[in-house]
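Remarks on the structure that follows.
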Amino acid sequence: MRLRFVKKNLLILLGVSFIIATIMFTTRVLISEENANVVNQENMLSDEMTFQYGSLPELKKSVYNANYKQTVLNANKYPAEPKLVLVIQVHNRPDYLKILIESLENAAEVQNLLLIFSHDYFSEEINKMVQGISFCRVLQIYFPYSTQLYPNEFPGQDPQDCPRDISKDGALKTGCLNAEHPDSYGHYREASITQTKHHWWWKLHFVWERVQGLQGYSGFVVFLEEDNYIMPDFYHMYMSMVGYRKSSCPDCDVLALGNHNGLADFAKLSDKLQTTGWMSTKHNIGMGISREVYYKLMGCNNDFCTYDDYNWDWTLQHLSGICLSKPVKVLVAQGSRVLHTGNCGLHQNKEACRPELALQKAQESLQLAKDYLFPPSLVLTSSESVEHKPHMKNGGWGDIRDHVLCKNYAKRL
């Protein structure tokens with residue numbers, strides 16, 4: 001009897017052991033398969049995002065493939081839909097871009113963001129920097145008409161293009177390509193100058209029309225540049241401004257989360273708002289545009305693309321009073337949540353750039369402002385008349401080839 005009892009227990013023990021062993025083996029296999037899948041996904045992602053820099057044809061192919069595939073980094077890590085989209089226009093200032101990325105990483109609730117980096121210069125250094133971001137979703141798009149891709153032909157600088165300062169009579173005599181089309185001041189196009197406006201307008205089209213992840217997105221897209229620096233409460237301020245607009249300013253077309261005053265008087269202005277007409281020199285930093293406003297701007301495609309000013313923001317101000325049914329009304333954060341770190345611009349010697357000084361200044365400003373971030377509510381303190389303020393156009397956009405390419409972005413995406 002005792003022997004049978006022991007035998008029975010032994011059989012039960014063996015059975016339990018077999019079950020445990022099976023479970024452990026199965027779990028190990030599943031974990032191994034899961035790890036293998038992760039590795040495979042990482043390898044697939046790596047393959048998808050590999051750029052070929054060896055030749056112009058390879059680089060062009062890489063650009064078009066990336067724009068078609070639209071690989072979103074960190075999508076598995078942050079599966080929720082983004083609550084705010086930031087679009088960052090990137091050229092070739094990696095030191096400033098690094099400063100922006102660091103400010104983004106230190107921002108509160110950054111996991112709610114989708115960062116779209118729009119590039120018109122393609123390098124391993126910049127791609128590696130952007131693809132190293134792990135704190136939120138990231139998508140890279142690439143301007144396919146970059147002067148880097150067309151170094152010796154339009155939209156780059158063709159060797160047969162007219163020199164900038166030649167007279168029209170002289171240009172006609174030499175037979176240079178664009179002799180018939182100087183700008184309003186008698187100057188001929190410079191590819192490096194026209195590229196920024198081209199890139200901005202293409203980017204606007206591509207983000208709203210072609211980025212697959214934004215098809216159901218109903219929020220604002222906020223536009224930044226590589227030499228910007230955002231404050232830690234940027235997202236908090238955005239959500240507060242959206243709430244204020246919904247309740248108290250439904251006719252506000254655009255949000256301006258930044259201004260060019262730095263953090264002067266930030267203690268007094270942190271929670272203050274203003275409404276006014278959109279102005280290039282004041283509201284072109286940290287500008288939020290809704291899909292509705294985008295559609296309105298598309299109705300001005302011809303006017304934007306033929307207006308003789310190489311600046312996208314001055315052109316936008318022109319549209320505000322001439323093409324749109326009413327001037328653009330903007331809701332402004334008087335305490336800027338975006339700082340401009342760039343201490344060398346389009347027309348300045350790049351050797352004079354001092355990004356380390358720009359970072360130091362931004363950090364010092366932030367230290368002074370930190371006690372006044374995250375205001376619990378916002379107050380409107382100024383409501384200026386919304387009217388068009390004409391300006392003298394800057395030229396640089398007289399070439400008919402620029403007009404045609406610009407107008408056709410919606411078809412060429």
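Every residue, even glycine, has its Cβ placed from backbone N, Cα and C.
Automated prediction, rather than curation, is the source of TrEMBL annotations.
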As recorded in TrEMBL, which of Cys305, Cys323, Cys344, Cys353 forms the disulphide with Cys406: Cys305
Cys136, Cys162 - which one TrEMBL pairs with Cys176 by disulfide: Cys162
Cys353 (disulfide bond) versus Gln195 (substrate binding site) - Cα distance in angstrom: 21
Using Cα positions only, nearest of the disulfide-bonded residues to His199 (substrate binding site) (Cys162, Cys176, Cys252, Cys300, Cys305): Cys305
Among the substrate-binding set Gln89, Val90, His91, Asn92, Arg93, Asp120, Gln195, Thr196, Lys197, His198, His199, as the record gives it, the longest Cα-Cα distance in Å: 19
Among Cys252, Cys353, Cys406, which are recorded as disulfide-bonded residues, the nearest neighbour of Arg93 (substrate binding site) by Cα: Cys353
Spatial neighbour of Gln89 (substrate binding site) that is closest, considering only the recorded positions Cys249, Cys300, His340, Cys406 and their CA atoms: His340
Between His91 (substrate binding site) and Cys300 (disulfide bond): CA-CA distance (Å): 26
